[in-house]
Structures are given as structure tokens and as C-alpha cells.
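Peer 1: Pasting a structure here, questions to come.
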Amino acid sequence: MGEIGFTEKQEALVKESWEILKQDIPKYSLHFFSQILEIAPAAKGLFSFLRDSDEVPHNNPKLKAHAVKVFKMTCETAIQLREEGKVVVADTTLQYLGSIHLKSGVIDPHFEVVKEALLRTLKEGLGEKYNEEVEGAWSQAYDHLALAIKTEMKQEES
């Protein structure tokens, strides 16, 4: 994969919006997973912390930790895209992410569900500050992170 053009402005938009969301992680973690289940109710079975629950648990530390990881890694990816022109995640981290997603039964369309939930959560959290530029920056960063994980999953399969 060649170098990706990710601007300083895009990086700043991702970082600034993440700072806003970080101020109420419990709320936005819950919103994020509620969105995933609204878009794809069957996805519930992919998350160990959701399987045995009829609703998204409010005070589940695993739920919060997973949501934070998705947002934080996407934010870090934005920084890497701007600085390096590519996703720079440690091989061991990518191997782990590829392995865990493969074992959990995650397939390509699931990444789109997570992306849509991520964007809906950003829209909810940012209110009037959410716009096409913010959406585009987060989308591009997330797409590259998802591609890196999917590539690792394919390598693990073969």
C-alpha cells in the first residue's frame, strides 16, 4: 500500500473531536455499542460482554474499554497517516487484532457496521461541530485501520 495523503487539518479534526468525546466516555461507549446493535442486531454474539445480556450493559468495563480502543486507535491512525503516510501499528498488535477478530467470526461487512456506529457516535457527541470534513477524516483513518486488521486476518487464515 502506497503513501496516503492525510492533511494536518484532517489530523487536527480527528484529535479535536476525540478530545470532546473523551470527556464522557461512559456515555459515548454506550451510544457506540447501541448503534452497532441497532444497525446489526446479530453482531451482539460477536462481543463476549454482550452475548448474555438483553441490552447494552451500562457499567460494563469491557464495553467501555473496547469502545475506547476503537476510537483511540482510529485517532492514532490519523496521526500516523499524516506523519508516516501509512498505518504504523506494531506487528504484535496487528497480529493480535487479526487473530481475535478472526476467532470471533468477524467478517468484512462487520467493519462497515463499526464504522457507521463510530460516525453516528461522533455526530451525536459533536453536535454542531460535526460536518463532512470531520466525517471524512475519521472515515479515512478508520478505513485504513480496518484494512490493516483485515489484511492481518487474511494472513492468519492462510
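Sequential numbering from 1, following the chain as shown.
Each residue, glycine too, has its Cβ placed from N, Cα and C.
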Peer 1: For the heme b site that Swiss-Prot describes with LYS62, HIS66, HIS101, which of these is also annotated: SER48, SER53?
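Peer 2: The one candidate that Swiss-Prot places in that heme b site: SER48.
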Peer 1: Pick from 38-42, 88-92, 143-147: which range has motif 'Homodimerization' per Swiss-Prot?
Peer 2: 38-42
Peer 1: Pick from 69-81, 108-120: which range does Swiss-Prot record as motif 'Homodimerization'?
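Peer 2: Swiss-Prot lists motif 'Homodimerization' for residues 108-120.
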Peer 1: Judged by the number of other CB atoms within 10 angstroms, which among LYS62, HIS66, HIS101 is the least packed of the binding-site residues?
Peer 2: LYS62
Peer 1: Could you state, as a whole number of Å, the largest distance between Cα atoms of any two of SER48, LYS62, HIS66, HIS101, the listed heme b binders?
Peer 2: 16
Peer 1: Taking the Cβ of SER48 (heme b binding site) as centre, how many other Cβ atoms lie within 10 Å?
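Peer 2: By my count, 10.
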